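Report on one structure; see the data block that follows.
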Amino acid sequence: MGMSSVQENGHGELGLSDFPLGSKNKYKRMVSELTDYDGDDDPSHHHHQMERRRKSTRKYVFGCAVFASLNNVLLGYDVGVMSGAILFIQEDLKITEVQQEVLVGVLSIISLLGSLAGGRTSDAIGRKWTMGLAAVIFQIGAAVMTIAPSFEILMVGRILAGVGIGFGVMIAPVYIAEISPTIARGSLTSFPEIFINLGILLGYVSNYAFSGLSAHISWRIMLAVGILPSVFIGVALFIIPESPRWLVLQNRVDEARSVLMKTDENESEVEERLAEIQQAAGSTNTDKYEEKPVWRELLTPSPALRRMLITGIGIQCFQQITGIDATVYYSPAIFKAAGIEDESKLLAATVAVGISKTTFILIAIILIDKVGRKPLLYVSTIGMTTCLFGVGITLILLKQGSISIALAILFVCGNVAFFSVGIGPVCWVLTSEIFPLRLRAQASGLGAVGNRMCSGLIAMSFLSVSRAITVGGTFFIFSVISALSVAFVYKYVPETKGKSLEQIEMLFQDEYVLQGGEVQLGDVEHLVQK
């Protein structure tokens, strides 16, 4: 509690004179700034300076986003490498099948707890050091796993690694969204999603590279290699700045200003931006006394917050509940059902799935700030519904043969491609944008929890459900859920492209902005015509 009482006194002393209270003040100030600005002696010289500044801020923010996403490489690496390492662990430590499932599954469950705790932690010690903490905890876990002589100790390491990953995955998008300039926020916030996929690919590579060694050594090396990215994170912490929005929450306004100077392309915007953030933080500071703690507010939300929670947690759940993880994990089983017998061909088809998933994220990154979040979500959800339905039809109606194999591969790759173009990256971008500053970290944590829970549910139930109603039947269910997600996007997701985080918060205050669906559908048609 010590921390918050200090903060309250801090806010008490601050006095409100620092905040531009009425919006009128702000505009007056802007106008005067703009008039000062025109009186520059040489416009072309000024333009060059702007260009140079724009390049350097771009590089700087890009660097920050990459470093912040390194924790996600760990998560992906862990998922990828475990699929191969588990075979050697079983051979070396002689563990049972149940123990295997526990070992693999515990990561999802524990990273849930990490994500929940991560919100509280990042509000207390800052976004940046939470990332550092995540890396340290993960390193300890990976080191324990590397030297583990028995299943029990392996589990201890695994649990630590899970907590570290939970922290890292939750905080990266929040940090990046808070530090990015409005124009590039979408693409930068989808970095973590690419890095997860990069990690998965690295995990597969590492399986392949070290599989020749003896069972006792090989899996230990595979897991030890996972420590490397977190060493970089340690270095990065001394280079990247703290999130300016967190600094304002802590009343460290001058530090926040200097960070914004580095990340914002227009110097003239910095003050205006700072005022906006202060107002967002200020509205949270002045009510400090009758303030409910964050978690209680999340449990008994105001109407605006309820809409945010529905959007954020809903989109996270839809991302997983349409079966993306099952499609990726069990694609060999799907292709087998379609009639591919040969092992190496199965693996080749699976690699094709991995490649199409990763490639299409790049497309999303290019489009997310140009086209907007919502059109991408429409294209993505409608495309996925079609492809999932296609997989179902292929597996149920067509007899096994070259046509059904070709269609199965096409539809499965299509499904992951549509996933990566829209709901894959966009869902993380949205959850890190839509919540108000004070709740952002913890509410994003809740979203991540919904995501991991749905992922675990699907991954654990896929095989048994498809045994009961066939793989094709399962995909029909997925396509129905996916069709619901189209309706969900239409009804609950606002367009957040090109708005500052503080403006997005205002979107949810009035209900009917969200219902402006007709306009956005027009955008999609416009897109398709292009």
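Yeah, the Cβs are placed from backbone N, Cα and C, and that goes for glycine too.
Quick look at what TrEMBL annotates:
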TRANSMEM  60-90  transmembrane segment
DOMAIN    64-497  domain 'Major facilitator superfamily (MFS) profile'
TRANSMEM  102-119  transmembrane segment
TRANSMEM  131-149  transmembrane segment
TRANSMEM  155-176  transmembrane segment
TRANSMEM  188-205  transmembrane segment
TRANSMEM  217-240  transmembrane segment
TRANSMEM  346-369  transmembrane segment
TRANSMEM  375-398  transmembrane segment
TRANSMEM  405-431  transmembrane segment
TRANSMEM  468-490  transmembrane segment
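Per-residue confidence over the domain 'Major facilitator superfamily (MFS) profile' (64-497) averages out at a pLDDT of 83. Contact between the transmembrane segment (188-205) and the transmembrane segment (405-431) holds: at least three of their C-beta pairs are under 8 Å, each pair 6 or more apart in sequence. Contact between the transmembrane segment (346-369) and the transmembrane segment (405-431) is supported by 3 or more Cβ pairs under 8 Å, counting only residues 6 or more apart in sequence.
If you look at the transmembrane segment (131-149), the same-chain residues 6 or more away from its ends with a CB under 8 A from one of its CBs are 68, 70-71, 74, 93, 114, 118, 121, 125, 156-165, 167-168, 171-172, 175, 220, 223-224, 226-227, 230-231, 233-234, 237. Here the transmembrane segment (60-90) has long-range neighbours at 100, 103-104, 107, 111, 131, 134-135, 138, 154, 161, 164-165, 167-169, 171-172, 175-176, 179-181, 184, 188-189, 191-204, 206-208, 211, 215, 218-219, 222-223, 225-226, 229-230, 232-233, 236, 239-241, 262-263, meaning same-chain residues at least 6 beyond its ends whose C-beta is under 8 angstroms from one of its own.
Through the fold, the transmembrane segment (217-240) approaches residues 63-64, 67-68, 70-71, 73-74, 77-78, 81, 84-86, 88-89, 92, 128-129, 131-132, 134-136, 138-139, 142-143, 145-147, 164, 206-207, 210-211 of its own chain, all at least 6 residues removed from its boundaries and within a Cβ separation under 8 Å.
Note: the stretches the transmembrane segment (468-490) and the transmembrane segment (155-176) are not in contact (fewer than 3 CB pairs below 8 A, sequence gap of 6 or more). At the 8 Å Cβ cutoff, the transmembrane segment (375-398) and the transmembrane segment (405-431) share at least 3 close pairs (sequence separation 6 or more) and count as touching.
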